[in-house]
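Student: What follows is a single structure, and I will ask about it in a moment.
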Amino acid sequence: MDRKRSCTLCGGAVMLLLLLGHMTNALEVPLDPKVLEGLPQPPTITHQSPKDYIIDPRENIIIHCEAKGKPHPSFSWTRNGTHFDVEKDSKVIMKPNSGTLVIDISGEKAEAYEGVYQCIARNEHGSALSNNIVIRQSRSPLWSKEKVEPITVQRGMSLVLQCRPPAGLPPPIIFWMDNNFQRLPQNSRVSQALNGDLYFSNVLMDDNRNDYICYARFPHTQTIQQKQPITVNVLDIEAMNDTVLAAFLNGSDFWGDSPSGERAPTFMQPPGMHSTSMVLKGDTLQLECLADGLPTPDISWSKVNGELPSGRFSFHSFQKTLKITEVTDADGGDYRCLARNRLGSNHHIITVVVRAAPFWISAPQNLILAPKESGMLTCRADGNPKPTVTWSVNGIPIENSHKDPSRKIENGNIILSDVQTGSSAVYQCNASNEYGYLLGNAFVSVLAEPPRVLTPPNHVYSVITNSRALLDCASFGSPLPKITWFKNGQSVLDGDLYIIHKNNTLEINVARPVHSGKYTCIASNSLGNKENHVYLEVKEPTRILRQPEYKVVQRNSVAEFECKVKHDPTLIPSMIWLKDNMELPDDSRFEVGSDSLTIRDVREDDEGNYTCIRNTTLDQDSASAMLTVVEQPDPPTDLELTDQREHSVRLTWTPGYENNSPIQLFLIQYEDSLHKPGVWVNMTEVSGTRTTVNLELSPYVYYSFRVLALNEVGLSQPSAPSRQYRTNPAQPDVNPSDVEVVGTSPDSLTITWRELTGLESNGPGLQYNVSWRQKDVDQQWNSLSLANVSQYVVTGTPTFTPYEVTVQAVNDYGPGPTPEVVLGYSGEDLPTMAPENVKVSVQNGTMAVVSWDAVPLSTVQGRLNGYKVSYWKLRSLHKQDPEPKKPQELIFQENETESLLLGLHPYSQYNLNIRAFNGKGDGPSSPNQIFETPEGVPGPPADLKVENLNLDSLVVKWAPPVEYNGHLTGYLFKYQPINTTDELGPLKELLLAANETSVTLDNLKHSTRYKFYLNAKTVKGYGPTVTEEGVTIMDEALIRHPAVEVGKGSAPPTPPPTPPVTQFLQPPFHKAPPAGRMFGSVNSSVEENHAVISWEYSGPDRNVYVEYVVDNSKDPWKTEYVNGTRTYQIRGLKPGMSYRVRVVAKDHSDATVHSTEELLITVPAMTSKQVDIATQGWFIGLMCAIALLILVLLIVCFIKRNKGGKYPVKEKEDAHQDPEIQPMKDDDGTFGEYSDTEDHKPLKGSRTPSNGTVKKDDSDDSLVDYGEGGDGQFNEDGSFIGQYSGKKEKDTAEGNESSEAPSPVNAMNSFV
């Protein structure tokens, strides 16, 4: 089966193409050095000079030719079709490992090296050819010598100034200038043609000059040549006589045999009605039409039977030139040029013929074939006319090359079949026509290579969720490898989830986290297999969670945009802020935070669209928001007064700029320069949509108006004032207001009023007519006129008599309206009589009822305002008060004659009197009334406190109530326990005599909090309850004592454990906490690793904390939440350390609002942690059994020793007996080392080291004492030593057990 072979990589560029998923056939063997190593490749031309190479004769000639191949190719050249021997020409050098020629033309003429060059690159696998490179020298010849005659032309005629520059290589650039090197002005009348000539559609007298100079610039050599200046004389023949005309025409060319009047257009270039232009496909087409005529014609273009190509055409030289770029076949056809003036029109048709140099349809491509495979080289080209296609192999025409049975040509294609190793070659395809040629090289390389995977191993691809993932498997091999994909060992099939492209790239169209993992691609051909692993990581997308929001801010304020993002934890996003899609201004006012942008001191130019972009290496997200800067509106302008009337005028204005905040209203103010100059008064408001208002005016005012605009930000600056508008005077239209009549003394009357303002006066000469008379008395009004005052005092009036009063405004133009009558009274005097028949009825110990008779109104001498009841406590009936109480006063209405006296003290004596009062003051008091209150319930007992806290008892003390309120008959005392969850236990009550001030409570539970209640009692009942709490101390039996090591003898007596400590920060009880203080007493009880803290607190329990810190430490305070209790255990304290402890109350902001004083506690040193099993019944039984067994063993041992009879050692043993090894006590029959009264002392001699061995101490029996086990020996006879020597050998064989037998303690340790 034939298979087309193509390489799948071309260096890094094709790797990128594979990643993008494009399917392409590579032209070359991969450039990866690992692939190229040992891989044969025919030559390939990689760089060459252009086909038409114009050289600068002042510089060396460099003809490029670079190629690659394996092995590296060698190079040779042909010149003009024959071999060019580079080595024989000393001026020519070929660069090492390159075919590039460097020709040194110093001292030589460049023309000597002109010609057609071709480079051949060859190695053992074939030869590649470059294009034919035509070398030509650039030329910039001088202008030929010529005499330029002046040109005389009649005004209005057309004119052509010819340039005719010398032929250069490449052609020169033409421009016209004057003697001052200034370009000559060109326009629709005068313009330069494509060939460089200067055309005049008609000449004017201004064209008369002698410095028309044509310049030619040769770009290759950067030289400029100039033509001789041309003189143009313009004649106005109609204004000249024959003599003058002859003088002008002497020795000059004359243009214009026809009249110089106006004429219709005719074409100067191209001439006639029709012309033809040829252009090559892909080049630029330029068509021009130059017409004469007077007036100057206008030029327009169109295409016959078609439209000008959109986007590719343009007009130049004042519409005289049509330019079409990138010409296509469709651009061929007829183009109409139309010249028109007011006398007529003319047109010219240009037929455009499009030809084409050869161009590739399908250039020949490199083939890599395996032995026995087949392939085809194609070479398809087109052009106009159709190009001729020929083939060569290794630079030799294929018809002249050696015959190859595996190769044949069909329809211009080379078909290769059953290729063999060694048949590699380079084929050349040449396509040519009369306009050019194309030369393409394509090699055929016959290779046998096992598969290679070119994608780097273990490459990690990272993509965002729901995006496309492309996994590359670039490979190389011959035959072409087959690619198979696997994921986590499972085959991946081409389908909906996965797409395998022709270049073997695996595509996951919508990647999700489930697609993450390890992927394997396996490349296989007939020569082997190769696998490669890649990894896919699907990341979470970057999303902006809190986007910037639309902001409307005032100028000079602060604007802040948020931009908080959620992203994959393995990706670190960056943040970029843009303003109107541009970078932020370089201004310190812009502060970019981690998730925000802050703009300080906002200005108007900060307004715009702000975009936040959060980028990662894989994706980005963006969000935008507008910033609108607002401020007060600009002030209104153009104030105008219209429709002027006696008492009104219309004000019109133009609003100022709103500054991004709509105007809500306009405020109109006025200034009265006659009465209050410089003072602006608010007059009226109108809607922000209005710009005019009709103003009602007052007489006798010099008005000036101004307008202010209001928006959400505030008021604008005032507008400029309007012109002044004056109103005429008139009589007042209002009278003074707020007229009041007040009696200030018993024989006078004071009349007050509010004066009129200047605006209200309505004219000059303002006065006030004040009138008064006694009410209900037939008498005339008393009147007088006053000016510039606001009160008048009428004297000689009777006491508290009603009067009628009026105040009227008057000016020079007449009086104001009829005034209203105001009623008032003359002054009051003090009442003359006290209330009579005062009675007091006591209701109970705290309340009494008082009554009296009203005083006659005739004695009040004014308006009766009410009665004042004064009462005060004289003394307590139980004890003498240190000082009398201040009187209390109650005020009652004039119609009240009875009242309640509340809040009296029981069992007390009071005094009382009553007096009437009016606006002048109080009248005389009634005689004093003395009354007494009966007994009441007592006040709370004072100073309740708890003292002498012991293990099971405590003492509660108190003081009698401050307020007895009668005779005390006794106390009611109650108490109850409180558990750790603040639940109350059973309540117990005690009745105590009145002389008792303490009580002792026994048989209480240790380590328990109790609550106590106390009430005092009189015959009226019990008074208020006071409470207190206390805690009994810890049981000392809970403190453990250290153990005694085995064999060390009696340990020194252990000091008693540190008892729990109860401390008081302050007296433990107050009847009521002082103002602002919530905590009472604080107690502590300390053990070896914890402390119990208790306290009194009257605030909210939910905010209480215990704080503690090591004394003299800089560590922060540790805080533990109390959770509503008033007792708390602090755990984890270090033995031997001192701590500072306090209880605090905090508010909702975690700020401390109440705190106790610091309490210093010391934790006792650590005691033994050994488990005390001595009190366990099973242990006691076990010890008894072991002791009985040891006793039996000892008896047997002694019997056996006594039977030996060799040496009496009994006395020796008795002499060394350990006093601690007493099997039993005589008195109670128990083991001597156990005592049930010392709970924390372990069994003597029973401690076992932690390593499980038994330590032998001095108190145990030792054979050293008998002369064994060391150097020690008794001075005994040989029989003793011999006896024990024999025994020692035996014991050694038995494990040395006999040496421990005399000690029952050691025997027990061995057993255990």
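Cβ atoms are placed via backbone N, Cα and C, with glycine included.
Checked TrEMBL, it gives:
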type	residues	note
COMPBIAS	718-730	compositional bias 'Polar residues'
COMPBIAS	1208-1228	compositional bias 'Basic and acidic residues'
COMPBIAS	1295-1312	compositional bias 'Polar residues'
DOMAIN	43-130	domain 'Ig-like'
DOMAIN	141-231	domain 'Ig-like'
DOMAIN	265-355	domain 'Ig-like'
DOMAIN	358-445	domain 'Ig-like'
DOMAIN	451-537	domain 'Ig-like'
DOMAIN	541-628	domain 'Ig-like'
DOMAIN	635-730	domain 'Fibronectin type-III'
DOMAIN	735-829	domain 'Fibronectin type-III'
DOMAIN	834-936	domain 'Fibronectin type-III'
DOMAIN	940-1036	domain 'Fibronectin type-III'
DOMAIN	1073-1165	domain 'Fibronectin type-III'
REGION	718-742	region 'Disordered'
REGION	1208-1312	region 'Disordered'
SIGNAL	1-26	signal peptide
Student: Go through the chain and flag residues at least 6 beyond the ends of the compositional bias 'Polar residues' (718-730) whose CB is under 8 A from any CB in it; none is fine as an answer.
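Tutor: Distant Cβ neighbours of the compositional bias 'Polar residues' (718-730) are 635-637, 639-641, 644, 646-647, 649, 651, 653, 669, 671, 673, 680, 697-708, 762-764, 811-813.
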Student: Take the domain 'Fibronectin type-III' (940-1036) and count its residues per DSSP category (helix H/G/I, strand E/B, coil), listing them in that order.
Tutor: 1 helix, 49 strand, 47 coil
Student: Determine the mean pLDDT over the domain 'Fibronectin type-III' (1073-1165), rounding to the nearest whole number.
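Tutor: Mean pLDDT, the domain 'Fibronectin type-III' (1073-1165): 79.
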Student: Sort out for me which stretch, of 43-130, 451-537, 735-829, 834-936, 940-1036, has the most Cβ pairs below 8 angstroms to the domain 'Ig-like' (358-445).
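Tutor: Going through each listed stretch, the top one turns out to be 43-130.
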Student: For the domain 'Ig-like' (541-628), DSSP counts of helix, strand and coil?
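Tutor: The breakdown for the domain 'Ig-like' (541-628) reads 3 helix, 47 strand, 38 coil.
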